[in-house]
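Chemist: Here it is: the structure, laid out below.
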């Protein structure tokens, strides 16, 4: 019985032919046959020389008929390992190659049958390997891969594994795939209930698994032969390893739904910074109320008329004169063309009847000049804006109420320009006098129908609360000064007296800071918009109606500049 099994075992090994001398592998170690154990094995191996001319296809068919079990998939790790003790039942995987094996009985060393290493099941748990493993099925025609054979002895040789570079590599272990038999045919042989001594089988069945180390391949390379490559990194636990690192030079992906409408703000800012801004402010009041000083304090520059004009040329005018001076102011890259319009002689005469008419005429003349520039056929690309945007009206700090001149002037000019009333030299009033004086002025404005800026009818929804607070402060009790002092280590603008220093920008001393915020920091653009959209628009409609009626009657009529 035992002899028959040995005979069957030898028949299963009659699968490879002798390889021609020119195709002898460069590294071949042969194992001597155990003639003492098996008596008839020498005769069987001598018969192999006769079968050298048989084709490789016939050998594959012979083995496929004798294969009692399907092929087994196994995973071998790179590196030579000492053989482990095998059980009585051993499963073998035979790698069929089209090359012939040169085998002679007289040559010492084991015969090369191209057998896979026997996989011993249930003895040792494989250790985790930090490298990525790719299972690849070797085709018989692929001869370009490097084959590294382990030595037949149990002690591994030092030169068994080739030394490779330090680049990260993945180990490809060749296993057969039963589902793809036409592409990668690897029929296995199984020995069951073998009672032969293990020492006899090790000489014949010592595995020589072809292990190939290849450099790391990217995703495109792994898709070349999808029928014979199974990438273990496709598992969810290795999905993160396959992701390529993001380059540092790559920009963050732009939102797909982003259009770029918000860039219009930057475009408008660049255009406005290039063109600059224009602001025209008029100061009206009697002489000696500190009009020029307040303007210098507002813009912290010597921009008033008196600051530029020599004192020797200063004289008391017999009539009201309108004088303007223009400055180019730049702060943090923002340029503004500031025009200050002064009205010397207003209210300084004995008879102040109709003293407001020159001021009204000047305001309407600026509207007319701007209108003529608009209606021209070949008008300028940018029309110079000389319209009066704001008028500061200085009220003397009498402590009583408004004078008839003040009421008449503000009543007429509030319809054509933005009027902001201020109490000049408010430091001459006590706190109680200031509160009482402001209440009297507010009641006089309401009783005479004088609508000062900010007008309630022009309020926008988001500015209503802010404008209400400003309206409660009107008229602003201000103090102007262009002298600097050191108070508690800080530089301030103020007025120094025997009893202390009045700080101009201190809201507990005066309301100059609120006036500056209204005119410059919060409402400057709104003041210009109301001038253009409300006051100038009313003047333009009136002039166009007058022009149409004059053309209908055939009469040329001079534009009225006295009053709207």
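Using the three backbone atoms N, Cα and C, a Cβ is placed for every residue, glycine included.
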Chemist: According to Swiss-Prot, phosphoserine sits on which of 12, 97, 287, 549?
Modeler: 12
Chemist: Grab the same-chain neighbours of the region 'G4 motif' (424-427) for me: Cβ-Cβ under 8 Å, and only residues 6 or more beyond its ends, written as numbers and ranges.
Modeler: 285, 289-291, 294, 394-397, 434, 477-479, 495, 502, 509-511
Chemist: Quick check on the binding-site residues: of 427, 433, whose CB has the lowest count of neighbouring CB atoms inside 10 Å?
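Modeler: Minimum Cβ neighbour count within 10 Å, taken over the binding-site residues 427, 433, occurs at 433.
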Chemist: Could you say which of the binding-site residues 285, 288, 345 has its Cβ with the most other Cβ atoms inside 10 Å?
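Modeler: Of the binding-site residues 285, 288, 345, the highest Cβ count within 10 Å belongs to 285.
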Chemist: What does DSSP assign residue 427 (GTP binding site), in three states?
Modeler: helix
Chemist: Let me know how many other Cβ atoms fall within 10 Å of the Cβ of residue 430 (GTP binding site).
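Modeler: So the number of other Cβ atoms within 10 Å of residue 430 (GTP binding site) is 10.
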Chemist: As a quick check of your reading of DSSP, tell me how many residues in the region 'G3 motif' (342-345) are helical, how many are strand and how many are coil.
Modeler: 0 helix, 1 strand, 3 coil
